[in-house]
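Remarks on the structure that follows.
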Amino acid sequence: MLWMFLFFLGLIIGSFIGALTYRIPRGKSVVFGRSECPNCHKTISWYDNIPVLSYLILSGRCRNCHKKISLRYPVIELATAAVFVLSYLGHLSILSYLITPVLIAIFVIDLEHQIIPDSLVFLLFTIIFIIGYNSYSFYTNLFIGFLSSLLLLSLNLITRGRGMGLGDAKLVIPLTFLLGYPKAFYMFFWAFVIGAMVGIVLIATKKVSFGKPIPFGPFLIIGFFMASFI
């Protein structure tokens, strides 16, 4: 069945995303070099690099040094597979399968390092402009994208960078371009609501102090997916 194929394809692509999100923030090549254990730096054999399955077989530990393997890897793999299947069940276009890996990569990197790499945002722009150039709503959606970016830039200036980052202002352009009106509004609604709820919980549990920046990119991406499936 097609959904099953997309699930396994999502696992494979998710495995690549896991490696990519580890390498990009550290300035490592995403093309050259094999996967290695971040603790002992032993090259990981292919049979220990099978998405999810290898993690379960090894009980979440490196075969060589027996240190724990971060849970981030199977979570990223399963999340990518889940979005692929949901895109199929929701009858979304082929564009969804092209941008999903990029969005998940941005989600993870911003969550872990509070940065949104320009290279990934540029990749989003490239995919969208190639696929969507002939769309009748191209210029309207592009205008909505830049308007949304100005909104976040204004929030960045008002909060002096604590409430919104410049990376968010760049990311929102391709996201709102893809959604158009009124779905872009739904994206913002869910992003701000979920972001506020998470922020309140983190402050109440003293996980973060009041006024400390919380990455907003992940909430924009969650809002984007929620608006896409509505």
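Positions of Cβ are set from backbone N, Cα and C atoms, glycine also.
What TrEMBL records for 6-24 (among others) is transmembrane segment.
Looking at the domain 'Prepilin peptidase A24 N-terminal' (9-89) alone, the prediction's average pLDDT is 88. Positions annotated as domain 'Prepilin peptidase A24 N-terminal' by TrEMBL: 9-89.
According to TrEMBL, the transmembrane segment annotation covers 94-112 (among others).
Residues annotated as domain 'Prepilin type IV endopeptidase peptidase' in TrEMBL: 98-200.
The transmembrane segment annotation in TrEMBL covers 119-136 (among others).
The feature transmembrane segment is assigned by TrEMBL to 142-159 (among others).
Counting same-chain residues at least six beyond the ends of the transmembrane segment (171-204), those with a Cβ under 8 angstroms from any Cβ of the stretch are 95, 99, 106, 116, 121, 124-125, 128, 132, 137, 140-142, 144-146, 148-149, 152, 210, 214, 216-217, 219-224, 226-228, 230. For 171-204 (among others), the entry in TrEMBL reads transmembrane segment.
Residues annotated as transmembrane segment in TrEMBL: 210-229 (among others).
Put simply, of 94-112, 142-159, 210-229, the stretch with the most CB pairs closer than 8 A to the transmembrane segment (6-24) is 94-112. Outside the transmembrane segment (142-159), and at least 6 residues removed from its termini, the chain residues within Cβ reach (under 8 Å) are 165-166, 168-170, 172-177, 180-181, 184, 188.
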